[in-house]
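Q: According to TrEMBL, the protein carries these features:
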- 1-15: compositional bias 'Basic residues' (COMPBIAS)
- 1-22: region 'Disordered' (REGION)
- 24-87: DNA-binding region (DNA_BIND)
- 24-87: domain 'HMG box' (DOMAIN)
- 90-126: region 'Disordered' (REGION)
- 120-189: DNA-binding region (DNA_BIND)
- 120-189: domain 'HMG box' (DOMAIN)
- 229-297: DNA-binding region (DNA_BIND)
- 229-297: domain 'HMG box' (DOMAIN)
Amino acid sequence: MPKAAKKSKAKAKAKAKIEDPNYPKRPANVYTLFVKDFFKNNSGSFNELTTASSVAWRSMSDVEKEPYQKRADAAKAQYDREIAAYTPPKGFGTNGKKISKGANGLARKNNKKSRDHNAPKRSIGAYLHFQNKNRSKFSKEIENSTNQLSLATYTSKIWNEMSDYEKLPYKQMAEKDSERYIRELKTYASQQEDGSFYNSKGLTSNNTITFKGSRIVLSNVEEADPNFPKGPRRSFILFTSSVRANPPKGWRSLTFLQQAEKIGKMWGELDANETLGWEGKAEHDIKRYEREMTAWLKNRR
């Protein structure tokens, strides 16, 4: 059996041990019921249908939403009855979870926050990309060496001996990974239980929706969230802003396009160390954006 399958099977067994299989299943909310019907009755890709169902829900009147609300209320009432009648077996709590015990044999309080499995995987830095890429190679080198170093120590030693130029590919990998995380954060931020969504500029939309064949057509009326984080800027954009903020002599007599051409030439003439400096500034700006976006998401919950 493949390792992945074994791991998945082990996780399922572990979950079965800590959760009572007879514990009442939480019912779907009104919006989830609507989305299930929407996916069943419309065609398109997952992303198209996700966006379209969100928009369609926002455009519906209370009267149109009423059948879904009635179904949700009925399911919730049934769930409440099942919860009231639920008697946990020995060793399980009223929430259906197995009660863990500490060294003293007493029930242990679990303060660990539950993880949102829909949240995107965080980005990692240049060093971790370097470590992940070379893990197998370095493990073999350690096995064939007389040095009794741990993998972490060995990897750190090599990293610290590398020049900035040698580290550049891994810094670029980290930047791309941060961009991936930002894209996924935006998608994650866009999914609202009430059917509203935010786009990449922090605009919440009240939309109307029409279908033309398999193509979904959206008409937007948007309002900006003033607290939405300002997007990160890449190294060249930061360099451009710096030049425009402190223009060279005679610069103001040039047209915007002429200035852009000169900035492009100046950028191309930078040496490796200067380019690395701007890459570092871009990396800091990405981290700033990640922090602000995470805070923005928390404030909306």
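A Cβ is built for glycine as well, from the same backbone N, Cα and C atoms used for every other residue.
Are these features on the surface or tucked inside, and what touches them?
A: If you average pLDDT over the DNA-binding region (120-189) in this model, you get 78.
Residue counts for the domain 'HMG box' (229-297) by DSSP state, with H, G and I taken as helix and E and B as strand, are 53 helix, 0 strand, 16 coil.
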